[in-house]
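Taken verbatim from TrEMBL:
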type	residues	note
TRANSMEM	21-42	transmembrane segment
DOMAIN	29-472	domain 'Major facilitator superfamily (MFS) profile'
TRANSMEM	77-98	transmembrane segment
TRANSMEM	110-130	transmembrane segment
TRANSMEM	136-158	transmembrane segment
TRANSMEM	170-194	transmembrane segment
TRANSMEM	200-221	transmembrane segment
TRANSMEM	286-307	transmembrane segment
TRANSMEM	322-344	transmembrane segment
TRANSMEM	351-373	transmembrane segment
TRANSMEM	379-397	transmembrane segment
TRANSMEM	418-441	transmembrane segment
TRANSMEM	447-468	transmembrane segment
Amino acid sequence: MELKGKTRESSDSSEGPKGRMTIPLALVALISAFGSSFQYGYNVSVINSPAPYMQDFYNQTHWDRTGVPMSSGFQTLLWSLTVSMFPLGGFFGSLMVWPLVNNCGRKGTLLINNLFSIAAAILMGTSEIAKTFEVIILSRAIMGIYAGLASNVVPMFLGEMSPKNLRGAIGIIPQLFITLGILVAQILGLNSILGNAKGWPVLLGLTGIPSLIQLLTLPFFPESPRYLLIQKGNEEQARQALQRLRGWEDVDDEIEEMFQEDQSEKEEGQFSVLSLCTFRGLRWQLISIIVMMMGQQLSGVNAVFYYADRIFESAGVDSSSIQYVTVSIGAINVVMTLLAVFIVESLGRRILLLAGFVLCCASCALLTLALNLQPSVSWMSYLSIGCVIVYIIGHALGPSPIPAVMITEMFLQSSRPAAFMVGGSVHWLSNFTVGLVFLYMEAGLGPYSFLIFCAICLASVVYIFFIVPETKNKTFMEINRIMAKRNKVEIQENKEELKDFCSVPGGQAERKGLSSSKL
């Protein structure tokens, strides 16, 4: 009771109680991000290093079956499918977000999702023994579905669990683990480790281990309190989950805020994607997440990684050392995303987005200049390297981690699943488009293709500067009121039913009656 008194006293300030990083909250963030987000990053990068050996396996398998070598055109088609099935699967995984998180919960969806990963890992790991390359292509699609779900559900799950003053930092942890997954795949994919003729099936199969760990540990942690209270109508379970996550008994303020959110949107019910797209009250939120997700993927991050090897080679880096340079770029990505975790709550989301896109924009413009002048000016190759590093720093600080945090914050409980479904679909379709179009762009425009990415970064900066609000240290309801003004709509709140039940005898019982009668 003493702890409860202390907490209530602190909540009398205008800022409200400050949440702290408790061990249960830290563990659920790490287990969710390692078990899900890590694998997204791992599978983005895992097939880059062993590509020649996998293509040899495709060719050998075809020879064993037919007695004739595979034509180069057919091999190119099969490899293109192997690469592109992952983002395509990601798109279909995003389409599954809304029905799964509403029916199975956030934690339940993550647990079900692990089955996709474990099945794909077993298929990929045994593909060489089974002498079938078709299952690799199928498994890439299954891993894409897994990543499509994970990339949307983990930020939603952690965002709904976090106190408002830690929501940005915890919301970036999934992106941190995506970059860690990319780095680990690059390290394990070195020729001296698993990126060789014998090691590649193991390299592909390792992706199932984080899923197995999550499957065994996540059930011991609570479901999202907001899902339990607002969608399931179970205040008692929501209260217990909050008490465990916060490390103190008195969670009345957060329960109160959830009820306010529930009351303000109870007339609309659960939003489908169609109703989300046609609802005027969420118009600017929807446009904002589409712009941010398109900006994230169409700003050229994949193209910069693609070009990086050639840029370093032209600067005189030995071709056998290029893979180590790629690992060092992956390490910079991890370090800068880690920095974003620590500065997002002090600087805010908006500043990081703007600064990140400005750095990317400037890097693309300078990179175009440097690549064009490289044949005639020897030191331009070093400027190119500098541009690549600055670009990766900029993208890791803002455009990569922040959009998913903003989707969590700009939407309330009833519209959040549909919003993640839209944002995730845009993310994966844009990713797929860049993969499909960039080779043609590069063939037709050469270095000038970076000017297109420069223009997209600039457009993103202009939009964010004029439209996207700062959401740092605000409750979901406060953010909703800010956006309601922009959408020129009024928020309906039934203030009579939302009296401070702490000051009313038997208020908690009244609250339960309200929640059960409504839900």
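Here the Cβ of each residue, glycine as well, is placed from N, Cα and C on the backbone.
What TrEMBL says about a protein is an automatic prediction, not a curated fact.
By number of Cβ pairs under 8 Å, the transmembrane segment (418-441) is matched best by 286-307 from the list 21-42, 200-221, 286-307, 379-397. With a cut-off of 8 Å between Cβ atoms, the residues of this chain six or more beyond the transmembrane segment (322-344) that come close are 45, 49, 168-169, 171-173, 175-176, 179-180, 182-183, 186-187, 189-191, 195, 305, 308-309, 312-313, 352, 388-389, 392-393, 396-398, 400-402, 405, 472. Residues 110, 113-114, 117, 143, 146-147, 150-151, 153-154, 157-158, 161-162, 166, 170, 173-185, 206-207, 210-211, 213-215, 217-218, 221-222, 244-247 of the same chain sit 6 or more residues outside the transmembrane segment (21-42) yet have a Cβ under 8 Å from a Cβ within it. Using the rule of three or more Cβ pairs under 8 Å, pairs at least 6 apart in sequence, the transmembrane segment (447-468) is in contact with the transmembrane segment (351-373). If one looks beyond the transmembrane segment (77-98) by at least 6 residues along the same chain, the residues whose Cβ comes under 8 Å of a Cβ in the stretch are 43-44, 47, 51, 54-55, 58, 70, 109, 133, 136-138, 140-153, 272-273, 417-418, 420-421, 424-425, 427-429, 431-432, 435-436. The stretch in closest packing with the transmembrane segment (170-194), judged by the count of Cβ pairs under 8 Å and taken from 110-130, 200-221, 286-307, is 200-221. At the 8 Å Cβ cutoff, the transmembrane segment (286-307) and the transmembrane segment (200-221) share fewer than 3 close pairs (sequence separation 6 or more) and do not count as touching. Comparing 110-130, 200-221, 351-373, 379-397 for CB pairs under 8 angstroms to the transmembrane segment (136-158), the maximum falls on 110-130.
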